[in-house]
Amino acid sequence: MEVIKNRKVLQDFIERQKEMGKRIGFAPTMGALHKGHLSLYEEARKENDLVISSIFVNPTQFNNSEDLEKYPRDVNRDILILQTSGLVDAVYIPEVADIYPEKTESQRYDFDGLENEMEGKSRPGHFDGVGTVVEELFRQIQPDNAYFGEKDFQQLAIIKKMVDKKHLPVKISGVPIYRAENGLALSSRNQRLHEDRKEASKVIYETLNKVNDWFRTVTIPEIKERVTDIFDNQQGMKLEYFLIADENTLQETDFFYKDRKFRAFIVVVVDGVRLIDNMHLD
């Protein structure tokens with residue numbers, strides 16, 4: 001596995017691969033790798049000649065400097081995980097100057113309102129930061145296919161929108177959420193939870209399954225009340241939000257329509273750690 005640490009070396013590497021006609025699959029990360037990340041590369045491996053990872057903790061997508069500082073970093077561990085997996089041919093680990101050569105600032109994007117829902121309400125500018133880094137990585141790596149986890153479903157929708165609006169020649173694929181045995185969605189932030197709290201947090205997935213059972217037989221306001229009641233009885237957990245939204249527009253709804261797809265979205269803070277999850281409702 002090639003470990004590439006600057007833009008010029010990457011450029012030469014990509015040029016060689018393109019000259020050989022290699023089909024490139026790519027999934028960007030912020031490190032702190034786990035099996036959920038590896039599931040992206042498993043998918044990429046099926047469809048591409050060359051699989052590339054990147055590790056870059058993007059400063060412009062953090063609203064809170066403390067959250068940026070707390071984000072787990074262990075690049076050597078991450079490299080070892082990628083090497084051992086046998087799924088990845090190259091990993092790009094740029095410096096901030098490789099991504100932001102002038103100022104460490106986000107571009108401004110119009111995501112047709114997708115950025116104003118859910119995460120966008122509490123994290124202004126977050127998706128501009130995501131769009132900026134992903135667009136720059138796409139331009140440098142020139143992938144044919146790129147893979148993102150459905151755990152961050154809003155991010156996936158926004159990246160699809162950006163690619164469409166910017167006419168970038170890359171196909172975006174969502175990969176199903178990778179879960180621990182107890183159902184907890186894998187996340188780099190889970191490293192900050194004690195094992196007993198990870199076990200207790202399975203209630204998030206259990207709740208989403210209940211919501212799916214209630215879907216179309218119970219009104220959405222009633223479902224919201226039931227979810228609120230569940231988390232009112234959970235020690236050390238705070239329900240930040242729960243909502244049901246149209247899968248395409250991400251707009252919250254209080255009514256079901258037969259011809260639309262819906263998804264439940266939830267954020268729970270467990271011992272100060274923000275856990276995000278979602279589920280398609282059928």
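Even glycines carry a Cβ here, placed using N, Cα and C.
The ATP binding site annotation in TrEMBL covers 30-37, 149-152, 186-189. The Cβ of Gly149 (ATP binding site) lies under 8 Å from the Cβ of Gly36, His37, Ser39, Leu40, Leu156, Gly174, Val175, Ile177, Tyr178, each on the same chain and at least six residues away in sequence.
According to TrEMBL, the active site, proton donor annotation covers His37. All protein chains considered, the CB of His37 (active site, proton donor) has 29 other CB atoms within 10 Å.
Within 10 Å of the C-beta atom of Gln61 (beta-alanine binding site) sit 21 other C-beta atoms, taking all shown protein chains into account. When secondary structure is read from DSSP and collapsed to three states, Gln61 (beta-alanine binding site) falls in the helix class. The beta-alanine binding site feature in TrEMBL is assigned to Gln61.
As annotated by TrEMBL, (R)-pantoate binding site applies to Gln61, Gln155.
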Between Met30 (ATP binding site) and Gln61 (beta-alanine binding site): CA-CA distance (Å): 11
All-chain count of other Cβ atoms within 10 Å of Met30 (ATP binding site): 19
Neighbour tally for Ser188 (ATP binding site), based on other Cβ positions within 10 Å of its Cβ: 17
C-alpha spacing of Gln155 ((R)-pantoate binding site) relative to His34 (ATP binding site), in angstrom: 19
